[in-house]
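A.B. asks: In case it helps, Swiss-Prot gives these features for our protein:
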- GLU378: active site, proton donor/acceptor (ACT_SITE)
- HIS177, ALA178, ARG179, GLU180, ARG235, ASN252, ARG253, SER305, TYR306, TYR356: substrate binding site (BINDING)
- 120-412: domain 'Peptidase M14' (DOMAIN)
- 1-16: signal peptide (SIGNAL)
Amino acid sequence: MRLTPLLVALFGYIYCQETFVGDQVLEVIPNDEEQIKTLLQLEAEEHLELDFWKSPSVPRQTVHVRVPFASIQDVKVFLESQGITYSIMIEDVQVLLDQEREEMLFNQQRERGTNFNFGAYHTLEEIYQEMDNLVAENPGLVSKVNIGSSFENRPMNVLKFSTGGDKPAIWLDAGIHAREWVTQATALWTANKIASDYGTDPAITSLLNTLDVFLLPVTNPDGYVFSQTSNRMWRKTRSKRSGSFCVGVDPNRNWDANFGGPGASSNPCSDSYHGPSPNSEVEVKSIVDFIKSHGKVKAFITLHSYSQLLMFPYGYKCAKPDDFNELDEVAQRAAQSLKRLHGTSYKVGPICSVIYQASGGSIDWAYDLGIKYSFAFELRDTGYYGFLLPAKQILPTAEETWLGLKTIMEHVRDHPY
């Protein structure tokens, strides 16, 4: 049975107060450096309240920007006056949000008394409950490690997959940017995959007999809750500081990796605000402290969306890392493995050359710490839905991502250092 528009509207009122009626996402293609400079100037116009989903970087690479209804005409007229090509990618953002909310409510009704649906988006409480279920159902393999609490005092719970002993480890996190919901969902599916297939799948069994895996499905719990209850487009943490009315820090600009350099903003109201100091965000510091204290983490992998990319250092500079050849070879093989399932193509390379220069990122920090195998995935899609990927794409996204992850993990297993 389909939900009535009234129920969907009520759900939106309760769970997502900010609406985006009439907002459009434009795909813009700058032809040269001058047009990129123009788009960067446009991005700085705070009164337009533009939300760049894919920022300007190099000529002829697409830029995606959500434009509020009130600014649409001004932005389009400006682009046309500058000779910058654009097209409408999403006609009305609110239409996709309404569909997403309807699916969530329908799933919540359907899940009562039934098994957890990994092909749906869930609240933080539902995710944490399923993590507890995985621990309870697999006591000899899965345990829960609390590495700290968020700014709003929500637990940061990591799932540890281990067969015992003091093994080297792989770190995997998701959801550092709140609105990238397919990443949290993919991470939870991955956790269930590892737990359910150990002992029957030779690849997973071999991996866990050699390595531990630490998996943090929701790296930014405060932001994730806020994206579900107040503003679906929220990206940052929810930290507050005296002297600023703007809330939050971009947690993937807050790491001690050329902190405050190119690609990060000093403006507290920016979605790319790097924060007052490295590791100022408790969510970031909790991970830093845990990984440093563990001392044997050999791979650091983070899941983002969207754009279908598999990247490695560096982001804060455009120089190749010392291990470029090996990292590129591993990433290329992982992308090929991923593609075999559904034909999904990924672009591979260092962050700086694949997207843009960005300082203070997690995998740069990990690599500079000595964790050689540091990778960032940008999951589906390439922009048709952007951050609003329909729930029906969660399972195929998770399934193909696992093949890429497994390729990297097997390389880490076979190349100890």
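Cβ coordinates come from backbone N, Cα and C, glycine included.
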A.B. asks: Which one of these binding-site residues has the most other Cβ atoms within 10 Å of its own Cβ: HIS177, ARG179, ARG235, ARG253?
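C.D. replies: The residue with the most neighbouring Cβ atoms within 10 Å is ARG253.
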A.B. asks: What whole-number value in Å do you get for the largest C-alpha pair distance within HIS177, ALA178, ARG179, GLU180, ARG235, ASN252, ARG253, SER305, TYR306, TYR356, the residues recorded as binding substrate?
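C.D. replies: Farthest-apart Cα atoms in HIS177, ALA178, ARG179, GLU180, ARG235, ASN252, ARG253, SER305, TYR306, TYR356 are separated by 21 Å.
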A.B. asks: Which whole number is the mean pLDDT over the domain 'Peptidase M14' (120-412)?
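C.D. replies: Reported value for the domain 'Peptidase M14' (120-412) is a mean pLDDT of 98.
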A.B. asks: Take the C-alpha atoms of ARG179 (substrate binding site) and GLU378 (active site, proton donor/acceptor) and report the distance between them in angstrom, rounded.
C.D. replies: 13
A.B. asks: What is the interatomic distance between the Cα atoms of GLU378 (active site, proton donor/acceptor) and TYR306 (substrate binding site), given in whole Å?
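C.D. replies: If we compare the Cα positions of GLU378 (active site, proton donor/acceptor) and TYR306 (substrate binding site), the gap is 5 Å.
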A.B. asks: With an 8 Å cut-off on Cβ-Cβ distance and a minimum sequence separation of at least 6, pull the same-chain contacts of TYR306 (substrate binding site), or say none.
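C.D. replies: Long-range Cβ contacts: TRP53, GLU180, VAL182, GLU378, LEU379, ARG380, ASP381, THR382, GLY383, TYR385, GLY386, PHE387, LEU389.
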A.B. asks: Specify the secondary structure state of GLU378 (active site, proton donor/acceptor) as given by DSSP, simplified to three classes.
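C.D. replies: Where GLU378 (active site, proton donor/acceptor) sits, the three-state DSSP reduction gives strand.
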A.B. asks: For ARG253 (substrate binding site), which of the three DSSP-derived states applies: helix, strand, or coil?
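C.D. replies: DSSP call for ARG253 (substrate binding site): helix.
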